[in-house]
Each structure stands twice: as structure tokens, then as C-alpha cells.
Amino acid sequence: MLTHSLSVRDVCIIILTVLAVFYSLYFAAEIVLPFVFATVVNLLMVTPMRMLHNRFHVPKPLAALFLIAAMFVFVAGIGTAISVPAAAWLSEVPHSIPVIQKKLAYLHGPFEAVYTAYDRTVAMFFTGSSRHGITAPADFMAFGHIGTAVLTGTRAFMGEFFTMLLMLFFLMTEGDSLLRRVVEIMPTYADKRRMVQIVSQIERNVSLYLATITIMNLLVGILNFLQCWLTGMPNPLLWGVLAFLLNYVPIIGPLTGVVVYLFVGMFTFSSSLYALLPPAIYLCIHILEGETITPMLLAKRFTLNPVLVMASLMFWDWMWGISGVFLSVPMLAVFKIFCDHIDALTPIGHLLGGPVRPRSLRTIGAPVEVK
């Protein structure tokens, strides 16, 4: 039995408050998004930042500038390298559709059902993207349009990139001081301790998740670059970078990668059978990474419910477009850790996922012990 009862008035106030918060986030996206991105990237930079500051005694401002500059050079270098081939491929999309239709004419009936189902799936994820400069085409045959959205969405993202870098610099240099001030204003020692536990676990688990996912995505990108180069796909660097980016989006990202690779293979190679090789290798790489290695690395420390991950992807895409898709899982992870440390919200944290281990129903509302 629940120990806390809420009146109808309390429930209505909570619902209105939640709606007001999401309403504000929707219309304040241009202000909120750079800060959220900076916070997520700051969690990824925690370990190298502390290594430079504590082990090598580099002042925090210099360490932050070095890491931000390294990240900027990496992003700018990759962007410069793929911008020309990406623009060329985007211009080729309308002309390539008839070529692929002719090659697959004998499969038009069965494939039409597949394309229609895929287009409906995509529509669920990109209903809010037009507000952010990304418009999904209505033609169901344009089945590469998520990859197109990722590439063209980069233009909108770059408008917020420099604001994010500025916020990131101050978070990296003054984040610990801000946390200390927040702990100081907590009214009781128990509240201070709980706040430190929440922040510590968010920092530990989310930074571990982001670092693991980033390393695995980088390996996926490198492997796909190599397989594109070996199989004769044009612009292998472009498709390797695309695989790296799409792997940040659970489930729908790898599915999109397979479809895009099939699209490019059909347009590039004369043999329809050989054109299946790049997407088949892509799928094998994803199964090995996404279904075996990454879960094995993260399962003991951090897991999320796949159903709620999909719901989070759909919701944040509607809210913030392609940026929300990339941020949805880290934000869900932070919310889960926050719920785990608040007694009244612990059942929600349990519902969101967590370590897979036997657990008595009597302990669902108990405080979570931080290891």
C-alpha cells in the first residue's frame, strides 16, 4: 500500500506543473539546448579534465581550453572532410531513386510494403523535426532521409555549437564550485549527503555510459569505414562518420544505417546481390556491438528499459528535433539516477530500469545504496 496519498487538487497541480515545464522547454529550446549539450559533454570530459588538473597540475582554465580546442579540431576536421561528399550525395538522391527502382522492379510489390512500414516508423520520430530545419519528405521511396536529416541537421546544430562551447568552458572550470554552493544551501545534513550522492552517481554512471558509448561508436565508425573501403563503396569516410553518428540513436539509428547503406550500394554497384554486402556487414557489426559487447560492458552498472528508451526518443524528437534524439538517452539516465535517490520517486527509477538482479517488492521504496 502506498504510504503517501494525494488529493485530486494535488494531482491536478502536479499535472499542470509538468505541462508548464515541458511547454517552457519546447519554446525555450534555443536557450536550453546549448546548456543541456554542454552539461552532457561536461560529463564526458570529467575524467580527462581531472587527469590533467590533478595528475599533471594543469590549471583548470588551461585544461578546459585544451580539451575544448581538441574537440573543436576533431569536429571541424571531420566536418570539413565529409562536407563536400555529403553535399554531392544529397544532390544525387533525387536522381538515384529511378535507378534503384529499375534495379528492384521485380521486387516492387514486396518492397513497397517494407518501405511503407519503414516510412511510418520514421514519421513517428521526425514529426517535430521540421521546426528545427529538418523536413522529412513525403515520398516513401526516399528511405535515406534520416541519414539526410542527420547531415543537414548539423547545420542547425552548428548555430548553437559556439554557445555550447562557451557554457562548457565555464562548467568545466566552475562546475565544482557551483556544486559546492548548491550543497551548502541544503537545509539538513541528510539533504546535503543525498545531493552529493545524486551528483556523484550521475557523474560516475552517466560519464561511464557516455564514454563507453562514444568509444564503441568510434569503433563502429572505423569498422564501417574499413568495410566500405574494402567493398568499394565511394566516400568511405562519409559512411563511417554516418555510422558513428547514427549509433548514438538506439534502435532506429542502426536500422537507418542499414537502409542508407543498401540505398548507396544499390546506386553504386551493378550487381544487386553484391549491393547487399555493405548493409549486411553493417548489420553484423551492429549486432556484435549493440547486442553483445556494449550490454556486457554496461549491464553491471547501468541499464535502461528499452520500451521507455523508445518512448523517450519519440518524445524528445517531438520536443527538440534531431538534437533531442541525441540527448534523450543521457537525460533519461540522469532522471533515473535522480529518482533512485528520492524516496517518493524510487518506484519510477525502478520502472526505468537498473541493474538486473532479484529484488524484493518490499525494497522498491528503500533508498538506493551508492557503491
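In case you wondered, yes, glycine gets a Cβ from its N, Cα and C as well.
Curation plays no part in TrEMBL annotations; they are all automatic predictions.
Not measured: the values here are computed from a predicted model.
Annotated in TrEMBL:
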TRANSMEM  7-26  transmembrane segment
TRANSMEM  32-52  transmembrane segment
TRANSMEM  64-90  transmembrane segment
TRANSMEM  146-171  transmembrane segment
TRANSMEM  206-226  transmembrane segment
TRANSMEM  238-264  transmembrane segment
TRANSMEM  276-298  transmembrane segment
TRANSMEM  318-338  transmembrane segment
Which of 7-26, 64-90, 206-226 contacts the transmembrane segment (32-52) most, counting Cβ pairs under 8 Å: 206-226
Any contact, the transmembrane segment (318-338) to the transmembrane segment (206-226), with at least 3 Cβ pairs under 8 A: yes
